[in-house]
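As given in TrEMBL:
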TRANSMEM  7-24  transmembrane segment
TRANSMEM  30-52  transmembrane segment
TRANSMEM  82-100  transmembrane segment
TRANSMEM  128-146  transmembrane segment
TRANSMEM  158-177  transmembrane segment
DOMAIN    183-409  domain 'DUF8201'
TRANSMEM  233-266  transmembrane segment
TRANSMEM  278-296  transmembrane segment
TRANSMEM  339-357  transmembrane segment
TRANSMEM  369-384  transmembrane segment
TRANSMEM  391-409  transmembrane segment
TRANSMEM  415-431  transmembrane segment
TRANSMEM  443-463  transmembrane segment
Amino acid sequence: MDIIYKISFILGSLSVLIFLLGSFKTFSIPYIIFLTILGLVAIFYVTLSPFLSRKSSQKCTKTETFKSTSSTPLHNTNWQCLGLYLILLTFIFAILPLVLTPPTSRDELIHHLAIPKLYLEKGKIFEIPFMSFSYFPMNIDLLYLIPLSLGNDIMPKIIHLIFAVLTGAALYLYLFPLAGKKYALLGFLLYFSTPLVVNLARSAYTDLGMNFYSTLALIGVLKWRQEGFKKKWLFYSAISTGFALSSKPSAIPVLILFFFAVLYFYSKDTKKEVEALKHGAIFLLIIFLIISPWLIRNYLWAGNPLYPLYGWYKVHEGIESSNTGYISGGIYPLQKRHLLYNEGAISILLIPLRIFIEGEDDSPQHFDGVLNPFFLLFLIFAFLKKPKIEVKYLAIFSILFFCVTFFIVHLAVRYLLPIIPALIIIMIWGIKNGFETRQFKTITIIFSILLFTFNIVYTIGLYQKDNPLPYLLGKETRKEYLLRLLPDYPAINFANNSLPAVAKVMLIFTGDRGYYWKREYYFGSRDGASLVRFVEESRSEKELLQRVKALGITHLFIKNSLFLRFLQDNFKTEKLRLINSFFRTKLSLLYNDNNYSIFRIKNP
């Protein structure tokens with residue numbers, strides 16, 4: 001288990017070093033390569049050192065997996081374990097073709113690859129006021145900067161996949177001494193084959209990196225209690241929580257819940273409340289030290305260390321106020337579901353079940369992701385017998401995390417990712433109980449087959465959606481692949497080849513996918529608030545032109561259907577005439593195809 005933690009800390013430290021390099025010096029390939037080699041050597045050393053240590057080979061124990069090449073559980077297999085190994089490897093290799101293609105997923109083109117690319121083009125980490133999400137911590141994104149600096153944008157997707165493998169390995173190592181190798185392997189397989197994980201693993205997102213660290217934080221808290229409150233596990237959990245927060249803000253509930261878990265476990269087992277508070281303070285201090293570089297950066301950039309999560313606190317002039325308030329402000333998620341989807345009280349109360357049953361990719365109404373309906377049976381089976389105390393705690397953690405997410409953020413399945421490993425551990429006990437209870441053994445076998453069949457069918461569906469094989473077999477070029485999958489790529493390709501190198505393009509309702517742009521670009525708030533302000537404050541076409549040109553804009557890139565609907569929904573006749581006159585007299589149409597247009601702003 002120590003090996004996984006050490007690898008995670010090396011990766012986190014490498015990201016921090018890249019952050020410091022980009023903040024205080026200019027990015028250069030030699031520096032980046034040097035730091036990367038340093039990190040790889042460190043990972044290689046901590047991975048191999050147990051095998052090379054004579055002492056560890058003599059004192060190998062059941063719980064110290066990976067410490068002996070002869071007696072490790074990986075070599076003492078039976079046919080069931082061999083079958084699980086083969087299925088797991090099949091899943092990993094089945095996902096690889098989906099990974100080995102050019103990036104096309106929404107958030108990697110808007111954020112996770114686009115921002116590191118801008119940093120590399122600028123030669124340093126710099127403030128991007130119009131991108132509120134550029135103020136988020138970027139612990140995982142900065143690892144993607146390494147292959148991007150070498151001209152490779154497929155390797156970031158592989159890195160994200162590796163985080164899924166590492167999380168599965170962490171679950172295996174935790175479950176092995178508790179449930180045995182067969183069930184530990186099953187836990188690895190269940191996690192890795194879950195549709196949500198499979199879908200995320202094919203893109204250069206940050207969710208699986210955050211989930212890796214949040215899983216280590218969870219295991220650290222549990223082992224801290226199991227092993228008599230050894231400080232090592234408290235430190236491991238705190239460091240992992242810090243790196244999870246440095247990866248994605250959706251780990252905030254992890255911080256809150258694990259802090260209270262530290263207080264509860266220690267005070268309950270030792271009856272020493274003051275000492276419990278001290279341990280809680282140590283836990284928070286370590287986390288603060290890990291995330292402090294990002295807090296300091298945001299304070300210097302925005303005047304608000306928590307921006308953009310909490311938009312009620314003032315930010316510096318020039319930062320779009322409409323971009324603030326990811327948690328505070330606006331209507332609550334449950335209100336939004338009622339207003340947008342006409343969901344009543346019963347539908348909302350059933351959301352904890354509906355998430356497993358109704359999940360659908362790219363559908364906010366259906367939680368924007370897929371889990372597996374057959375999870376529910378095995379979660380129930382975990383309580384057929386008196387559950388282990390860890391199962392109870394994992395269930396409480398999952399329920400509390402869900403409740404926090406339920407009330408403060410938009411309900412998307414991937415925001416619940418930190419509880420998936422906890423649910424997997426609970427399910428393993430459910431499957432174990434099912435196999436060990438005579439009257440439930442048959443139904444356990446049937447539902448296990450159905451569970452994995454569901455996961456396999458989902459993975460096949462991703463092949464039908466992306467169809468990566470023509471590209472991988474050389475029957476399709478990179479450009480042809482992108483033209484097929486990205487509706488805006490033809491227009492972007494035209495702009496990259498036709499617009500002047502000094503052009504600055506304003507993206508208007510095009511999805512803000514900036515990664516493939518080779519010209520400087522800008523976009524305002526996604527709700528169009530900045531455009532409304534520009535128009536409402538302008539009394540003539542000339543004034544509107546001045547406001548646009550004040551941003552340095554030379555061209556407009558517009559998705560026609562959304563822009564026309566926006567105009568109809570937000571402006572009265574007088575302002576519509578102004579906008580129409582502005583387009584007719586101040587702009588020249590350069591491109592119009594596939595619902596996208598590019599306009600050039602005329603010189604006075």
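Even glycines carry a Cβ here, placed using N, Cα and C.
In TrEMBL, annotation is done automatically, which means it is predicted and not curated.
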Counting only pairs at least 6 apart in sequence, do the transmembrane segment (443-463) and the transmembrane segment (369-384) share 3+ Cβ pairs under 8 Å?
yes
Can you tell me which recorded stretch out of 7-24, 30-52, 82-100, 158-177, 415-431 has the most Cβ pairs within less than 8 Å of the transmembrane segment (128-146)?
7-24
Out of 30-52, 82-100, 158-177, 415-431, which stretch touches the transmembrane segment (7-24) the most, going by CB pairs under 8 Å?
30-52
For the transmembrane segment (82-100): best-contacting stretch of 30-52, 158-177, 415-431, by Cβ pairs under 8 Å:
158-177
Report the mean pLDDT of the predicted model across the domain 'DUF8201' (183-409), rounded to a whole number.
89
